[in-house]
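Participant: Once you've had a glance at the structure underneath, I'll fire off some questions.
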Amino acid sequence: MAHRIVTQVVVTGARVFGRAFAEAYKQASAASKYQQKTGKSAGGSSSSGITLDEACKILNVKPPQAGETNLEQVMERFKKLFDLNDPQKGGSFYLQSKILRARERIEAEVREAERKAAHEKELKEGWKPKVYKDR
């Protein structure tokens, strides 16, 4: 009689575990397909989880136009807001981190635009090696 109860417990547990595993696999598969469509990875991205528009609103600056922005103004606003939200002065660490991420996002956008511009310039000019020593 005891072996029958033990067998039922094992079979029921295996069935529950199997269903849970199948459901978890379905959810992971759906999440993977969604990430592939949106182009985002679980490990994070260069956007550091904040959009450029949100970063500009946090620091109250204009979005970079063609990769150009006034970085002095961005740093000025960053320092002011970062110091105002110092936790030792009664500010919020959460707001400080949001301000830091906003500055990093804008700087990353400008760096990426500068890198692309330099790459385009190099492609436009072309690579002109000196083949002969006398020329």
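Cβ atoms are placed via backbone N, Cα and C, with glycine included.
Per Swiss-Prot, compositional bias 'Low complexity' is recorded for 39-49. Sequence annotations record features per position, and here Swiss-Prot assigns region 'Disordered' to 30-49, 114-135. For 54-111, the entry in Swiss-Prot reads region 'J-like'.
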Participant: Please work out the mean pLDDT for the residues of the region 'J-like' (54-111).
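Facilitator: Looking only at the region 'J-like' (54-111), pLDDT averages out to 90.
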Participant: For the region 'Disordered' (114-135), jot down how many residues DSSP puts in helix, in strand and in coil.
Facilitator: 12 helix, 0 strand, 10 coil
